[in-house]
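Novice: Annotations per Swiss-Prot:
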type: TRANSMEM; residues: 30-50; note: transmembrane segment
type: TRANSMEM; residues: 77-97; note: transmembrane segment
type: TRANSMEM; residues: 104-124; note: transmembrane segment
type: TRANSMEM; residues: 160-180; note: transmembrane segment
type: TRANSMEM; residues: 207-227; note: transmembrane segment
type: TRANSMEM; residues: 242-262; note: transmembrane segment
type: TRANSMEM; residues: 298-318; note: transmembrane segment
type: TRANSMEM; residues: 323-343; note: transmembrane segment
type: TRANSMEM; residues: 399-419; note: transmembrane segment
type: TRANSMEM; residues: 428-448; note: transmembrane segment
type: TRANSMEM; residues: 452-472; note: transmembrane segment
type: TRANSMEM; residues: 491-511; note: transmembrane segment
C-alpha cells in the first residue's frame, strides 16, 4: 500500500512538473500573450471591416465575439472558464440577448446533469467504491499478461463512463505501476528484460487510452458529449436520451477497447512474457486490504444503480406517466445528488453523511461554466441571424458525399484536439456543424456526433488530454513513443467512429441521415 501511495504522489508531482517547467512563473507565456492581444484585435477588425450585404449587423457582432472567445479558448490566454464568462458581458452589450436570457443558459438542464454526475463520481471516490470495482474486474479476468492488460482496460473504461476520464486514470495508474514493480521484483532468470519493459509500456498506455475511450460510453462520460447534447437541443429542439446514447456508445467503447488491446499487445509492444509473476496475488492482496464492502459503499452502489436505471428507463417509462413526464436527465442527476446529501454515514469519524458540502471544493466548476458559455454563445449565434447566414455560405458543399464530409470532420477534429482542449474544441466546432448540416441537407447528428466523439479521442501528446499527461508523468513512456503509438490509435478511432455514426447510430436513434432538421 505504501508503494501505491508513493507512486500516486510521484505521478502528481510529475504531472504538475510537466506543466510548470520553471519555478519562476511568468504572467503569460508567449502563446498566451499573442492570444490575449489577437482575440480583441480580431473582434475590432471584424466589426470595422467585415460587412457582407446579407448579414445583419447583429450577426457581424456575434461573429466578432465568437472569434474573440475562440481565440482565447484555443490559446488559453486567460483560464478557459473565465473566457466562458465573456458572453454574459458581450451579448447584452450588442443587444443580442438580455442579461436574463444569457444567464439562463448557464443553468441549463444539461449542466445540472453533469453536476449530478460529478457528485455521484465523488461519492464513489470518497468511499473507495471505484477501487473495489476496478480490482474486482481485473481479478475476474485473469493473471496472464494479455488478460491483465485487458482487465485494466475494461476496468478503466468502465470507470470512465461514470467518473471523469482523469479520475479513472488516476485511480488505475498507481495499481498498474505496483504490478509493474512486482513484475521486476519477481522476474525469473529466463525472463527477457525487454519483454517486461514492453509490457510496462503497453500497460501504462492501455490505462490512459482506456480512460479516454470509456468516456464515449455515456453522455456524462466526457465533456464533448454533454456539449453535443446541449448544442443539439439548443439548435434543433431535439433531445438525445441517456439510454439511447448508451446503445450507441457502449458498443463503440467495447470495439475500440478490443482493437486497441490487440494493437498494444500484439503489434505495438509484442513480447514473450505470457504470465506475470505475482500479478494475480497482488490484486487479491489489494482486494483483501479493502475488506468486506462497507455500509457507505453499499449505499453509493445502490444509488449508482438507481441513477442508471432512471436514466435508462426515462424515455420509455417515466415519460409515459403524467407525474414524471417532464423529468429530464438533469432532474434525475440532482435528485440522486440530494439523496446522497440526505443519507447518513455510519463512519462518522470521516463524514456525517454520504456526501456533504465539502464536495463543493472538488467539483470542476470551471467545466460547468464552460458548458454555459458555449450554450450562451450558441443562442447568440442563432438569435443574431449568424447561423442562417453561415448556412447560406456553406451551400456550396451541397452535393458533396455525406460520408466524405464525415471522414474529413472526424480526422480534422481528432488531430485538432491533440493541441487544444477537447471541451473547447467541441464548444467551437459543434455550432458550425449544426449550421453546416442544414446547408448540405443532412441530419445534424451525422456531422455533430463524430465531431464530439473525435474531440474526446486524443492519444498522441501529453497535452492532448489529462489522461495522457498522467501516463506520461509515470516516467514509463516517452513523448516519441506516445506519438507513434497514439497516431495509429487515432486512425483506429477515426475508422470506428465513422462506421458507428454512419451505419449504427441512425438505426439506434431512429434518424434519417439524409433528412436535415430546421434550425430553431
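Just so you know, glycine gets a Cβ as well, placed from its N, Cα and C.
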Novice: Are there residues at least six beyond either end of the transmembrane segment (491-511) with Cβ under 8 Å to its Cβ atoms? List them, or say none.
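Specialist: For the transmembrane segment (491-511), the list is 213, 240, 244, 247-248, 251-252, 255-256, 259-260, 263, 402-403, 406-407, 410-411, 414, 443, 445-446, 449-450, 453-454, 457, 459.
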Novice: Please figure out which one of 104-124, 160-180, 323-343 racks up the most CB pairs under 8 Å against the transmembrane segment (452-472).
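Specialist: The stretch I would name here is 160-180.
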Novice: For the transmembrane segment (323-343) against the transmembrane segment (104-124), do we get 3 or more Cβ-Cβ pairs below 8 Å once near-sequence pairs (under 6 apart) are dropped?
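Specialist: By the criterion, they touch.
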Novice: Any residues 6+ beyond the ends of the transmembrane segment (160-180) with a Cβ under 8 Å from its own?
Specialist: 3-5, 7-8, 11, 117-118, 120-121, 124-125, 130-131, 134-135, 138, 148, 152, 199-200, 203-204, 207-208, 210-215, 217-218, 220-222, 249-250, 253, 276, 279, 282-283, 286, 304, 364, 456, 465-467, 470-471, 474, 476
Novice: Same chain, outside the transmembrane segment (77-97) by at least 6, Cβ under 8 Å from its Cβ: which residues?
Specialist: 28, 32-33, 35-36, 39, 58, 61-62, 65, 68-69, 71, 103, 105-106, 365-367, 369-370, 372-374, 376-377, 379-380, 383-384, 421, 423-424
Novice: Using a Cβ cut-off of under 8 Å, list the residues of the same chain at least 6 residues beyond the transmembrane segment (298-318) that approach it.
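Specialist: Same-chain contacts beyond the ends: 116, 120, 123-124, 127, 129, 162, 241-244, 246, 324-325, 327-329, 332-333, 335-336, 339-340, 343, 354.
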Novice: What else in the chain is close to the transmembrane segment (428-448), if you only count residues 6 or more beyond its ends and a Cβ gap under 8 Å?
Specialist: 70, 73-74, 227-228, 231-232, 235-236, 240, 377-378, 381, 387-388, 390-395, 397-398, 400, 402, 405-406, 409, 413, 455, 501-502, 505-506, 509, 511-519
